[in-house]
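Peer 1: One structure coming up, written as structure tokens, with questions to follow.
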């Protein structure tokens, strides 16, 4: 099972680095920062499906 540590999020701004992650909502997030901010916004209901594009 793929996991990402989002304990130091949310962050006010994310860098533009591109390292895609696929969320449990079947949406591709551009990088860990964007994904983790979305996890926080979802109150933890969003999880990582896998690394890479959906």
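Note that Cβ sites are derived from N, Cα and C of the backbone, with glycine treated the same way.
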Peer 1: Can you dig through Swiss-Prot and tell me which residue of 26, 43 is labelled N-linked glycosylation site?
Peer 2: 43
Peer 1: Could you check which of the recorded positions 6, 22, 43, 54 is the closest Cα neighbour of residue 33 (disulfide bond)?
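Peer 2: Nearest in space to residue 33 (disulfide bond), counting only the recorded positions, is 6.
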Peer 1: Could you tell me the C-alpha distance between residue 14 (disulfide bond) and residue 36 (disulfide bond) in angstrom, no decimals?
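Peer 2: So the alpha carbons of residue 14 (disulfide bond) and residue 36 (disulfide bond) sit roughly 10 Å from each other.
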Peer 1: What average pLDDT is reported by the model for the domain 'Kazal-like' (4-54)?
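Peer 2: It averages 96.
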Peer 1: How far is it from residue 22 (disulfide bond) to residue 6 (disulfide bond), counting Cα to Cα, in Å?
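Peer 2: Distance (Cα to Cα, whole Å): 15 Å.
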Peer 1: Going by DSSP, is residue 22 (disulfide bond) part of a helix, a strand, or coil?
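Peer 2: Residue 22 (disulfide bond) sits in a strand per DSSP.
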